[in-house]
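Here is what TrEMBL says about this protein:
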SIGNAL    1-30  signal peptide
DOMAIN    43-531  domain 'Glycoside hydrolase family 9'
ACT_SITE  D509  active site
ACT_SITE  E518  active site
Amino acid sequence: MASARSRTMLPLPSSSQALVLVAVVSLISASSSLVAAGGHHDYGDALAKAILFFQGQRSGRLAPDQAVTWRSHSGLSDGSAANVDLTGGYYDGGDNVKFGFPMAFTTTMLSWSVLEHGGRMKSRVGDARAAVRWGADYLLKAATRTPGTLYVGVGDADADHRCWERPEDMDTPRTVYAVSASAPGSDVAGETAAALAAASMAFRAADPAYAARLLAAARDVMELAVGHQGKYSDYVGGDVGAYYASYSGYKDELLWGSAWLLWATKNTSYLNYIDSLGANDVADMFSWDNKLPGARVLLARVRNTRIPIPQPGASIKQHLHSLINCTLFTCVCNAQMQRTLVHGDKRFEPFRQQAEDFICRILPDSPSSTTQYTPGGLMHKSGYANLQYVASASFLLTTYAKYMAVSNRTFSCQSLPVTVKSLRALAKKQVDYILGDNPLGMSYMVNYGARWPQRIHHRASSMPSVASHPAHIGCQEGFQSYYYAGGANPNVHTGAVVGGPDEHDAFPDDRTDYSRSEPTTYTNAPLVGCLAYLAGKYK
């Protein structure tokens, strides 16, 4: 039941029951996770499974090489309500709705994982790009099917959440939602522009023609985001605000999308726009909602990238389409542009400072920390799907540490020195906790390690596959026969990372507890980057 803030409220196990489970299992074992030679986790195995998870989330007509065989084609008429083809893409979590906002963030983070850590993925980089492409193909459709319109969702979420049925059986309304000049959505448009731009970079070497199409669409969508500003949840209807409204506003997505286009196009018109935004809010969480920490870390990277300089006085709109072609290493631009290094440009300095302020707010021993840690050492930012915040923060720690290593940089959080080693150690500790180094000895990734969640909150996983049960399973039948069933899910959703334990390290493994037992694409996507880094370092 994937809704980020508002869900069907169902009874949860009592905290006392969950705490008893912590105590009992802790006495049995706190180290039952899978480890490779050298005492480290088998990060390569975890990486492969984290990527495989996305095949279980696919919507549309599945590929012939689909490895998750308990899934079948679904949503084959998506978009027909608006006379467009919107098949494909991902279901965000355990439901059957396609929410464009978190899907775009998922695609951005998968792409960033490939860009920063693809070299460490070895043979898995092709699988990672395939996961990027499944999301990017859908977003490309959503951005280009109707000029001036961005389609941002398919499916009546309220109706969907009143049912428990397989995606192959779903018969709830497949309502189509869109933003445009008359119904603006700068938040979802800015994120979609970021996703398309990031994906274009991930495919520049592998498929230059595809990359060019993605980048062209990213520029157009960003123009919509900048030129017609507003929150999409205020305009599109369908009670989107109860699911994936942007609580942080849309200025962070304007910054995020512009930062990605600056890196992808090397066009400083985006830098000029970034400089004018004034997106200076403090942030200690990075997620599908709030992009400020990610944008600031990204801009700390872009500051060392060669970019062309536009004519003095030119606006962002005048240069949105000025880039003719860019390969991974060179740009062919307007003759009126010249190349320069932005290293040392003082406009980037506030973003570096803000990126480091974010880090100071999440380090456990920092005097300025605003982050709670569980007794077992896990970051705890939210009672709902906490591991999404752990994964995204760990990705930024790993990535910023990479930038620090290249520039031989250190900094301090007041009296606390911060080094490459300390950032990497904290990121590794968080990932290791997810993989089983925790008081329960529980891996929160399905099918990794000796103990992992058996009753995840996921429709397709919790019900028999179409191959094993061809007959239609109705909306309410699914609740009585499968949702409330006490046994393990019949389909093992390999690689799915659930919401995770509470602030006391307790985890009830209860299908009805969506806040802890539901996996989401936007949890796995940044974790892919973390695991790729660790797999390369601890071979």
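Heads up, residue numbers simply count up from 1 along the chain you see.
Cβ coordinates are placed from backbone N, Cα and C, and glycine is handled just like the others.
A quick note: this is a predicted structure, and the numbers were derived from the prediction, not measured.
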When neighbour density is defined as the number of other C-beta atoms within 10 angstroms of a residue's C-beta, which of the active-site residues D509, E518 has the lowest density?
D509
What is the interatomic distance between the Cα atoms of D509 (active site) and E518 (active site), given in whole Å?
10
Where does the mean pLDDT land for the domain 'Glycoside hydrolase family 9' (43-531)?
92
